[in-house]
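Structure first, then comments.
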Amino acid sequence: MTSSLDDIEPTAYNNMEADEEYCRRNDIHDLSSVVGDAVSQGVPDMDGQTTDSSKDPEPNSEDKKAFPPSSGSFFSPNLQGQRKKVLLKFVFTNCLLAIICFTMFVLFWGALYDTSKYLHKVKLLVVIQEPPVVILDNNSSMVVPSISYALPTFINKIPCDWDIYNSPTFQAKFDVNTPQQVNDKVVDLVYDEKYWFAINIKPNATETLFESLINDTAPLFNSTLFNQVVYETGRDPTNLKSTILPVAQTIEEYYHTFYTLNYLPPLLTNITQVYRYALTNNARYIAAAGKYNYEYYDHRPFTDRILLAPTQIGVVYCLLLTFFQFLLYGPLHVEMAKVLRPANGLIYRIAMSWFTFFFASLFFCTTTAIFQVDFTKSFGRGGFVVYWMSTWLFMLAAGGANENAVMLVITLGPQYLGFWILSFVILNIAPSFFPLALNNNVYRYGYMMPVHNVIDIYRVIFFDVTRRKMGRNYGILVALIALNTALLPFVGKYASRKLKQKALVAAKQS
C-alpha cells in the first residue's frame, strides 16, 4: 500500500525537521571556516567560474536568534537591548575621544601656548667691546658716554637668561686678545649652541660717529658696522625668527629710540657749544648719524624651502611608514608563527623588520634626493649615505616601538590602533617641532623620542650646524632599538597569551 505525504504523522515530520537542524548546527563552524578561507579568493562554481560568496549570503539560524526580527523602527520594543547597546557604545566612544582631545591634543597645543613666559630659559649673549666712557679728541678734553653705555639697562628689561660681558671680562674668560678674536669667538659660541643669539657691540663706534659729524672727509657713520646680531636659522628654521630673534629686534627698536631722542641731541650740543667744534655742512653726514640699526648675521641660514619636507613634516610620514609595514606583514607573521619554533620566529620577525626598514629608508631618502637637495654641506659627498643610515636607525627605533605597541593594543581590540598611532605621532612632534627652551619642563621627555633626535641629525646634514649633539642623538636611537628588540619576545608572548584567552572565552560562549 502506497503511503502519501498526508499519511505521515505530524510528530514524525517534526522529528525529521529537528534532526536536519541538529546536523546543520553541528557542521556550522566547520562550514564557516571553509567559507571564511574562500571569501577573499572567491568560490568556484560548477562551471569553474569564480564567484563571490558575499554577494548573496544565506542567513543562518544563529543570526536569526542573535537579532530580533526587523520592526522598521529604532524605538520598537523588540530593539530595547540594541538601544541600550548603542547608547553604551555612544557614551564610551565619546569619552574615549574626549580623553584623546584633553591629553594628546592638549600636549600639542601646550607646546605653542604663551611661550613668552618661558623667555627666562633662553640663553643669550651680549658683548660690549666699547668702554662706557670715551675720549673723543687727542687732548683728552672731550669725554662723553659711549653710544652703547645704556644698553645693559634695556637688556635687563627683557626677562631672558642674559650673559653680559665687557671686553676685558670676555677676553679673560675665553682666552682671546684682539677685537677680531672676540668677534670670532662670539660666532663660535652661537655655532656651538651655547646661546640662541649674540649681540656683539664692536669698538670705536663713538669715535667714528664723532669724526663723521666734524669732518667732511670722514666716511658716513654706519651703525651696522659696529652692532651685530649673530644667530643661526638652521638651528630651528621654523621657530627662531618668529619666537626668539624678535627679542633682538625689540632691543634694537628700543635703543634706536633712545639714541635718536636721548643720546644724539646732547652729543651735538656738546660738540658745538661746549667743545666749540663746527659740525659738517654736509647734510648727508647728519642724516646718516641719525640712524642706529643692527646688522643681522645668519651664520647658518635656511634658504631652501624644500628642506622643510625632510627636516619636519616628512619625518612624520617616515614614522607612519614604520606603522604600515607592520600591518602589511601581520597576516604573514601569524602564518609563520605556526610553522617556526619560537627562537626562529623571533629571528624571522627581527630580520623582516630590519631589512624592510633598510629599503624603506632608502626609498624615503631617494625622494628627498629627487628634488635636488644638497647633501654635501656638512659631510661632503658622503652626505647622502649619512642621511640614509640615520633614517634607517630612526625607522628601526620608531618601528620597534610601533611593533610592540601594536601587539599590545590588539589584545584590547584592533579598533584602538588609530588612537595609538595618533598618540605616538603627537608625543614625538610636540617636543620636536618647537624649541624646548620655550616650553614647560614636562616637554623635556622629548630628548628620548626618536623624532627629536633624528631632526637634530638632519639639521646637521642639511644646515651644517654643530655636530656636538650627534653622539647623544645616535646613542639614544641605538638604545631605543636595543630596548624594543629586547622587549619584543616578552610582548609577543604576553599578546599571544591574551589572544588565546579571548579565543577560549569566545569558543565557550558560542
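Yeah, the Cβs are placed from backbone N, Cα and C, and that goes for glycine too.
Model, not experiment: these values are computed from the prediction.
Both Pro342 and Asn473 are recorded by Swiss-Prot, but within differently named topological domains on opposite sides of the membrane. Counting same-chain residues at least six beyond the ends of the transmembrane segment (475-495), those with a Cβ under 8 angstroms from any Cβ of the stretch are 342, 346, 349-350, 393-394, 396-397, 400-401, 403-404, 407-408, 410-411, 447-448, 450, 453-454. Nonlocal intrachain contacts for the topological domain 'Cytoplasmic' (334-349), taken as residues 6+ away from its ends with a CB within less than 8 angstroms of a stretch CB, comprise 403, 488-489, 492. For the transmembrane segment (417-437), the partner stretch with the highest count of Cβ pairs under 8 angstroms, out of 90-110, 313-333, 350-370, 382-402, is 90-110.
Sequence-distant contacts of the transmembrane segment (382-402), counting only residues of its own chain at least 6 positions beyond either end whose CB sits under 8 Å from a CB of the stretch, comprise 310, 315, 318-319, 321-323, 325-326, 353-354, 357-358, 360-362, 364-365, 368-369, 374-376, 421, 424, 428, 450-451, 453-454, 457-458, 461, 474, 477-478, 480-481, 483-485, 488. Note on the topological domain 'Lumenal' (371-381): DSSP counts are 6 helix, 0 strand, 5 coil. Outside the topological domain 'Cytoplasmic' (111-123), and at least 6 residues removed from its termini, the chain residues within Cβ reach (under 8 Å) are 158-161, 163, 194-196, 243-244, 247, 430-431, 433-434, 437-440, 443. In the topological domain 'Cytoplasmic' (111-123), helix, strand and coil residues by DSSP number 7 helix, 1 strand, 5 coil.
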